[in-house]
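A short write-up of the structure that comes next.
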Amino acid sequence: MSSKGMVRAIFLVVFAVWLMIWVMLPTKLYKNTWTPNLETTLNSTYFSGQGTNLLLFSFPLMFIAAFGCAYLHFQNKSTDSSNHSKRLGLDSATALLKRPVVVMAPLGIVSALEITFAAMFVALLIWSLANYLYLSFGNLHMHKEGEKIWEAKLRSVSLRLGYIGNICWAFLFFPVTRGSSVLPLIGLTSESSIKYHIWLGHLSNILFAAHTFGFIIYWAITNQMAEMVEWSKTWVSNVAGVIAIVIAMPMWVTSLPQFRRMKFELFFYTHHLYLLYIFFYVLHVGDAYFCMILPGIFLFLIDRYLRFLQSRQRTALLSARILPCGLLELNFSKTPGLYYNPTSILFVNVPRISKLQWHPFTVSSNCNMETYELSVVIKCQGSWSDKLYKELGSSLDRLQVSTEGPYGPTSSHFLRHECLVMVSGGSGITPFISIIREIIFQIQKPNFKVPRVIMICAFKNSADLAMLDLLLPISGAPPQISQIQLQIEAYITREEEPMTETHKPLQTIWFKPSPLDSPISATLGPNNWLWLGAIISSSFLLFLLLLGIVTRYYIYPIDHNTEQIYHFSYRALWDMFLVCVCIFIVSSVVFLWCKKQNAREGNRNQNREIATPVTSQGVSPWFSGAELESLPHQSLVQATKVHFGSRPDFKKTLLDLKESDVGVLACGPRKMRHDVAKICASGLAQNLHFESISFTL
């Protein structure tokens, strides 16, 4: 076994042990045998009752996250892009598990592998609830004189539903930790795994709502409604739980698909109540249960704070290309050391339009071909993008922009296929721009096996054909593009024949540089993963050190040397405070150090000359009568066949492919993605390997 295989095996064993602890947690063996022994061994005057949970539930995932960063760093250093097919090829079993099985709303496109893990997770929840209730019903405690058995059972069920919701929270924050090392270790990105956050969010809210209303019913029938506003000094705070669920309800309602699509801005702003939700939730459950879900929250807060620090910088916007179809391409300056893979995304904020709104856009540039520039493509289909289009259409010589990212996959896995089919609808073509540019770069390497590429693009109007201009970088493409086996099938669905009117030319706007702007760079520099691992490990160790000091020299004397008992909620407050302080101190120091190093690199490159492309003042070469101005454009136009007044026949195209390994990527409207996924899931062809590129289900 190779060293990489051994490291991954260690991570897998640690994760399996962590999961097994969750499986054993609700059992009689854990409660009556393991717990007393563990508390005797691990609970000390330095960590009190938190010692056991810190070791069993927090340490394993923090270990994986910290050392996973080092693993990813050295993996990237040793990666040879020319060996994608050999390194990343999937065996038949893995390919079968990744095949779509369920394609339906509201679940979206779900693979066999996802169903397997989802079933295992649901089984864990059912197992936990069943064991909790078995132990509870076998030893019911009457909390009030005259309490009936069914009332006591109602209270017990309501309490255990809260325990089950806590399991969901142990996983809830990992999918939205964009810079996490945990997701890349299992081959995921935050964009592809956002649906897991949605599923866990809905499930946890259902459980917590049942937990809350169960207790309200219990208090009502036992004449204890005053318990709702009780803030106990020795046990959980009921009123904190009530406040938490009151905050959670609008977050949940506005996140429902129908509401989110109609009122996205309301969903966006309401979801930022998560900080208050976490605060009151932790006050409700207490420090011991907080330690059980700590890794996800701890890593999320590190990531969120680093993203905040990165977003405070102004980004150098070099130019913008405005297409007649309402599409924009923004070209930013970047440091040469910033590496990212195709289909990555960049979050963009334009304070002139909105100081609070951040929107994700696909990166269309290639970091190997465009060493000093990074480009994103924006389709005008909302109030924010419409305002940006109008701003760029006015006489601007400078536009203040902030960015966050880029985020994306850790490898160009699509290059492993013999044939690559990319299906897009409208602006869904944008992720494929970066893939085409990556292939253009790779063909310049010797002995690189170029996959056959088929692009199926559906557009509403012929003006949208101008999007194909973005397949070539603004600085031009090498003549080797003719070596790509490229076939582009463009469908114009709302026009029966080519339009004869003159189309507007593609317009390029160049912006004046500002001394306050800086190029886009990795948050922590070229060694981003190593520095992130240092932050995770250092901040967690600092947290343990400070928590031990506070517990031993402040809380312990009050609990054991006086007649008082230290307030239950204050312990949770100390935990949250120390987590935030440790993350703030360590992350700030490392970020400022890396920023200083990045500034030196930027100074060395600030006097470089940017190659200004010669832009055509005529119409796009996709329209009739246009002059083909370069060999790359000629190759691209010759590879394109335009169909007017028709829609693509996905089934015929996909089933006619003879290659043994065909990658099918789809991006665009949900119905289109679902139609393609159903064909790949039908079993009519075993050579189709589907992947959806989308933020939605």
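Cβ from N, Cα, C; glycine included.
Among the features that TrEMBL reports, domain 'FAD-binding FR-type' is placed at 310-413.
Per TrEMBL, transmembrane segment is recorded for 7-25 (among others).
The feature transmembrane segment is assigned by TrEMBL to 54-74 (among others). Outside the transmembrane segment (54-74), and at least 6 residues removed from its termini, the chain residues within Cβ reach (under 8 Å) are 4, 7-8, 11, 14-15, 17-18, 21, 38, 42, 47, 170, 180-182, 184-185, 291-296, 298-299, 410, 527-530, 532-533, 536-537, 540, 544.
Sequence annotations record features per position, and here TrEMBL assigns transmembrane segment to 95-113 (among others).
Tertiary proximity for the transmembrane segment (119-137) is limited to same-chain residues at least six positions away from its ends with a CB under 8 Å from its CB atoms, namely 19, 22-23, 25-28, 31, 153, 156-157, 159-161, 163-164, 167-168, 171. Feature annotation from TrEMBL assigns transmembrane segment to 119-137 (among others).
Remote same-chain partners of the transmembrane segment (157-176), defined as residues 6 or more beyond its termini with a Cβ less than 8 Å from a stretch Cβ, comprise 22, 26, 57, 121, 124-125, 128-129, 132-133, 136, 182-183, 188, 190, 193-197, 200-201, 203-204, 207-208, 210-211, 214-215, 218, 281, 285, 289, 292-293, 295-297, 299-300. Annotation source TrEMBL lists transmembrane segment at 157-176 (among others).
Away from its own ends, the transmembrane segment (196-221) comes close to residues 118, 151, 154-155, 157-159, 161-162, 164-165, 168-169, 171-173, 175-176, 227-228, 238, 241-242, 244-245, 248-249, 252, 255, 697 of its chain (Cβ-Cβ under 8 Å, at least six residues beyond either end). According to TrEMBL, the feature transmembrane segment maps to 196-221 (among others).
What TrEMBL lists as transmembrane segment is 233-253 (among others).
Sequence annotations record features per position, and here TrEMBL assigns transmembrane segment to 273-302 (among others). Sequence-distant neighbours of the transmembrane segment (273-302) (same chain, 6+ residues past either end, Cβ-Cβ under 8 Å): 49-50, 53-54, 57-58, 61-62, 65, 162, 166, 169-174, 176-177, 180, 182, 236-238, 240-241, 243-244, 247-248, 250-251, 532, 535-536, 539-540, 543, 568-569, 571-576, 579-580, 583, 587.
What TrEMBL lists as transmembrane segment is 529-556 (among others).
The transmembrane segment feature in TrEMBL is assigned to 576-594 (among others).
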Folded-back contacts onto the transmembrane segment (95-113), same chain, C-beta under 8 angstroms, at least six residues removed:
195, 257, 670, 673-674, 677-678, 680-681, 689-690, 692, 696-697
Residues of the parent chain within Cβ reach of the transmembrane segment (529-556), under 8 Å, 6 or more residues beyond its termini:
45-48, 50, 54, 62, 65-70, 72-73, 76, 179, 181, 298-299, 302, 306, 566, 571, 574-575, 578-579, 581-583, 585-587, 590, 594
